[in-house]
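Shown next, in structure tokens, is the structure this report addresses.
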Amino acid sequence: MPANDFVSPDSIRAQFSAAMSLMYKQEVPLYGTLLELVSEINQQVMAQQPEVAEALRWTGEIERLDQERHGAIRVGTAEELATIARLFAVMGMQPVGYYDLSSAGVPVHSTAFRAVHEQSLHVSPFRVFTSLLRLELIDNPQLRELAQSILAKRQIFTSRALELIAQCEREGGLDAADAETFVQEALHTFRWHQDATVTAEQYQQLHDQHRLIADVVAFKGPHINHLTPRTLDIDAIQLGMPAKGIPPKAVVEGPPTRRHPILLRQTSFKALQETVAFRDQQGREGSHTARFGEIEQRGAALTPKGRQLYDKLLDATRVALGGAPAEANAERYMALLQANFAEFPDDLAQMREQGLAYFRYFATEKGLAARDQEGRPTTLQGLIDAGHVHFEALVYEDFLPVSAAGIFQSNLGDDAQAEYGSNANREAFEAALGLQVQDELALYAQSERRSLQACAQALNLGSM
């Protein structure tokens with residue numbers, strides 16, 4: 001088939017993201033309510049803060065805002081992870097970053113599947129945080145063997161989805177009809193299944209080891225456990241959730257409120273208790289807690305220097321608090337966070353000059369008008385000072401460093417945490433994945449460099 005008959009991976013991803021949102025809205029009605037609240041708040045922010053809308057227009061994010069979301073799944077075996085990577089590749093999504101969640105008391109390690117080029121992200125920024133269960137962290141050998149045997153028996157992909165993945169790999173793409181079929185077949189992998197694959201007793205054994213182990217092992221597939229829309233003001237969302245009948249968690253995760261947001265801020269409501277049917281029970285008499293609602297506000301992608309400062313200030317806040325943030329100490333935690341982060345410049349020019357964040361650069365109309373004039377500035381700073389080049393922070397496309405990932409501990413209930421210490425094993429994760437994960441910092445640096453090259457070309461300069 002001629003390549004020009006193929007649907008672009010970006011388009012398939014956009015279709016899949018829309019279909020996933022529709023499915024999740026039907027499965028978790030509160031998600032629909034959440035989308036309404038996010039839309040209301042985003043419209044308010046853009047009406048009341050024209051500078052925010054202007055920045056989004058410069059970067060092109062204004063067009064992607066309404067469709068922006070991320071999902072999260074957990075798979076049980078290396079084979080499942082490798083195949084999910086092939087499935088996401090059909091949609092132009094690659095593994096970016098390695099996250100060791102064992103240090104947060106969660107027996108998984110993870111990556112984010114997403115598009116990696118700014119043009120593709122502009123079409124669809126959909127991303128899926130994908131975790132692999134670490135069976136080696138189950139300290140009971142009998143329970144570990146039980147989990148392995150249960151996982152070995154399941155098939156989380158439809159045969160047609162596997163056929164279409166292989167066809168795409170073989171032929172280099174999918175046509176419109178096959179792409180539509182692929183989206184529907186791929187959705188089956190992410191659906192919620194009320195029928196468990198274990199008995200009530202087996203479920204309890206897995207659950208007693210860790211709730212998340214039961215969530216991964218006891219069901220037919222890696223149901224999407226949350227789908228997260230992007231807001232422009234997470235504090236307004238946090239305040240507005242109760243009026244919509246959505247109880248928010250005590251603390252917004254990540255950095256404090258800022259004029260210029262950095263990295264990622266997240267809040268959520270606790271997981272839903274859902275009825276399930278265990279193998280040895282008639283009807284749906286059991287229950288399981290897994291899926292929750294989450295909202296995020298994305299800010300500037302930080303450089304290694306910026307990340308180091310972020311981690312330092314966050315650690316200082318945790319030490320001063322003397323424990324993990326919770327409902328009882330939420331007010332004190334937020335006050336400490338705000339005070340400590342006063343050290344992090346809340347000004348884009350200062351962040352740029354100090355090398356704390358990545359930026360995108362744009363040739364202005366003034367710059368284009370002067371592109372052939374003699375004596376015009378030729379250095380980047382000179383061009384910025386003269387108004388020939390405009391800059392905006394590159395949006396953070398990834399996830400919170402685990403040091404801030406309290407979402408993972410809090411949304412399943414306060415007793416969901418176990419002690420695993422830090423057991424990072426990127427090599428084992430990549431072996432299971434069958435691919436190397438990409439370095440997110442290198443991707444931001446490349447994106448920044450491409451924008452500088454585009455500016456230089458537009459302004460008739462050799463380089464900047």
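Backbone N, Cα and C define each Cβ position, glycine as well.
The annotation 2-oxoadipate binding site is assigned in Swiss-Prot to HIS70, ARG74, HIS226, VAL402 on the grounds of experimental evidence. In the structure as shown, the Cβ atom of HIS226 (2-oxoadipate binding site) sits within 10 Å of 24 other Cβ atoms. Secondary structure from DSSP puts HIS226 (2-oxoadipate binding site) in a beta strand.
What Swiss-Prot records for HIS70, HIS226, GLU294 is Fe(2+) binding site, and it gives a large-scale study or a structure entry as the kind of evidence. Secondary structure at GLU294 (Fe(2+) binding site), as computed by DSSP, is strand. Its own atom aside, the Cβ of GLU294 (Fe(2+) binding site) has 23 Cβ atoms within 10 angstroms in the protein chains shown.
Under the three-state DSSP scheme, ARG74 (2-oxoadipate binding site) falls in the strand class. There are 23 other Cβ atoms within 10 Å of the Cβ belonging to ARG74 (2-oxoadipate binding site). Per Swiss-Prot, the feature site 'Important for substrate specificity' maps to ARG74.
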**Item:** Rounded Cα separation (Å) that holds between GLU294 (Fe(2+) binding site) and ARG74 (2-oxoadipate binding site)
**Value:** 16
**Complete:** Apart from the site residues HIS70, HIS226, GLU294, the 8 Å Cβ neighbourhood of the Fe(2+) centroid comprises ARG69, GLY71, ALA72, PHE129, LEU227, THR228, GLN266, SER268, GLY293, ILE295, GLU296
